[in-house]
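**Student:** I'd like to ask you about the structure that follows.
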Ligand SMILES: Nc1ncnc2c1ncn2[C@@H]1O[C@H](COP(=O)(O)OP(=O)(O)OP(=O)(O)O)[C@@H](O)[C@H]1O
Ligand SMILES: [Mg+2]
């Protein structure tokens, strides 16, 4: 029998697949969450009267906007193999700071917004320094920040909620409509497009994936992985601040209790979207679908008149089932080989 | 020692490492190692597990900073604080653990750290098509057939992964190429291909350091063989004037001698 080398044999064994089969082999997680979103949408369309209306769907999107923005940045953090537990608290500080600056200190609206975002960037820099340069685990660093910044928000407000002028630009960003679409939705859309391009079409995105996959390998390739890690946490905190500002704007006032447990929604959305908690694998499209799934479940359960006491339990159960299914899907290729 | 096996060899060594030391906690990984390498020379590096081969080569590639000793490249003393510094001196290394990203595709790994970009509205975006095209040509040129440069490296076989790590190093057109056990996971035909690559690049003037436990390979491609023992270099015989049994003796025999001498 003629001998064929392993690499030649490999090219003989290579089968060109159709687009859909290709998508299923390369992105099984994203496909499965897409199916899940469809199932959720269909279910609520059937069991409730007004789920599938333009009005309701726009409301869902408007509600989902802050989650989208924070989750887009969290996708980068988790893809490097890290985590950011501080996003809810950082968002609260941003919202409270902007409203206090405007209401209490008489700062004009634009500087107030800039101040909030800048504080976000500073918080992220501290996270990045402690994690990337001092080697403290991200879980510890951002968990302590979760406590610290919630405390800072309480300190700033002394427990009151601080209104923002309803005719300011900030209020418009939270409640305005442009071309029939709510402002927050437009902002979230722009963030997602930017995040998609950054993750898939820039060097930074490539290094984010590389750091999560084999950080030492990327370092040996001459890339400053500390810089990559630091930037990821800066963006996460800035996005959290932006999300907090939009939430404040929508609610009409800054409150130290806004966005409690927000970080869990964000992480759930990202993981639901098939980004790997072990790092090295991330998908912005998956994150969008994860955000949609969570937001639609919350909205649908309300429309279906399920007692609010059950909503959290039901959301949690549905998410763990979806992730279980996803893990099963992602494991399949490995099982085929082994 | 006089050498006259190759008239093209420059009088000055391309790499000259002197008294290199490195300590990891309680372990003195390198206890003053000398290494010199001429342009176009292939130097075999052998020794027991834990002798310090990987540590020494990582020092030269900038991945590990030594505690002491000097490194000169073409007569000029250098300090490498990170792999990027060594790369600037055109020193490339294929690491024992390959340093590939499993969740990145073949082209992405080949171009890691030096991605091609094109400007779109002033933003540099990855030039995916160009990188895949260049990657295909790069692999073809080295006689490596990977069916698809879009395949994730994690899904490739051990030999294919090794081939990619080697192509990656060679594509930087190095002056010094260090290979730490490049043939460990390879079948017979692939080993032959790697040895052929080593012969070719050395003919083009590239200096090669080959770390391997396959002693028979050393006699096929090397000019000299450097034997390491417990963090020191014990001998560096010319291939022409040594034998497999002498090398084995140097690796194993010295162990007993040295141990009894110290006791
Ligand atoms: N990062 C590290 N931390 C602690 N000890 C280390 C480290 N790297 C190497 N060592 C130690 O240094 C010594 C030399 O290791 P090295 O990897 O250089 O050996 P080697 O000759 O390449 O062995 P092998 O043939 O098994 O690859 C070993 O005792 C090892 O345990
Ligand atoms: Mg080794």
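Quick reminder: no glycine exception, Cβ is built from N, Cα and C everywhere.
Fair warning: this is a prediction, and the values are worked out from it, not measured in the lab.
The feature transmembrane segment is assigned by TrEMBL to A:30-52, A:64-97, A:109-132, A:139-157, A:177-199, A:230-248, A:260-278, A:285-303, A:309-330.
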**Student:** State the non-local partners of the transmembrane segment (A:177-199) in its own chain: residues 6+ outside its ends, Cβ under 8 Å from one of its Cβ atoms.
**Tutor:** 58, 61-62, 64-66, 68-69, 72-73, 75-76, 79, 205, 208-209, 239, 242, 246, 249-250, 282, 284-285, 287-288
**Student:** Is the transmembrane segment (A:309-330) packed against any residues at least 6 beyond its ends, judged by a Cβ distance under 8 Å, and which are they?
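**Tutor:** Non-local partners: 28-29, 32-33, 36, 40, 268, 271-272, 274, 293-294, 297-298, 301-302.
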**Student:** Which of A:64-97, A:230-248, A:260-278, A:285-303 has the most Cβ pairs closer than 8 Å to the transmembrane segment (A:30-52)?
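**Tutor:** Against the transmembrane segment (A:30-52), the leading stretch is A:285-303.
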**Student:** Mind checking which residues reach the transmembrane segment (A:139-157)? Cβ under 8 Å, same chain, six or more beyond either end.
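**Tutor:** Distant contacts of the transmembrane segment (A:139-157): 83-86, 88-90, 92-93, 95-97, 100, 123, 127, 130-131, 254-256, 260, 263.
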**Student:** If you count Cβ pairs under 8 Å, which stretch among A:64-97, A:230-248, A:260-278 touches the transmembrane segment (A:285-303) the most?
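**Tutor:** It is A:260-278 that shares the most Cβ pairs under 8 Å with the transmembrane segment (A:285-303).
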**Student:** I need to check the long-range neighbours of the transmembrane segment (A:64-97): which residues 6 or more away from its ends have a CB within less than 8 Å of a CB in the stretch?
**Tutor:** 112, 115-117, 119-120, 123, 127, 131, 138-139, 142-143, 145-150, 152-153, 156-157, 162, 182, 184-185, 187-188, 191-192, 195, 198-199, 205, 208-209, 211-212, 215, 228-229, 232-233, 235-248, 254-263, 265-267, 269-271, 273, 275-284, 287-288, 290-292, 294-295
**Student:** I need to check the long-range neighbours of the transmembrane segment (A:230-248): which residues 6 or more away from its ends have a CB within less than 8 Å of a CB in the stretch?
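**Tutor:** Sequence-distant neighbours of the transmembrane segment (A:230-248): 65-67, 69-70, 72-74, 76-77, 80, 82, 84, 86-88, 90-96, 98-99, 113, 116-117, 119-121, 123-125, 127-129, 131-133, 138, 164, 170, 173-174, 184, 187, 191, 204, 208, 254-255, 258-259, 262.
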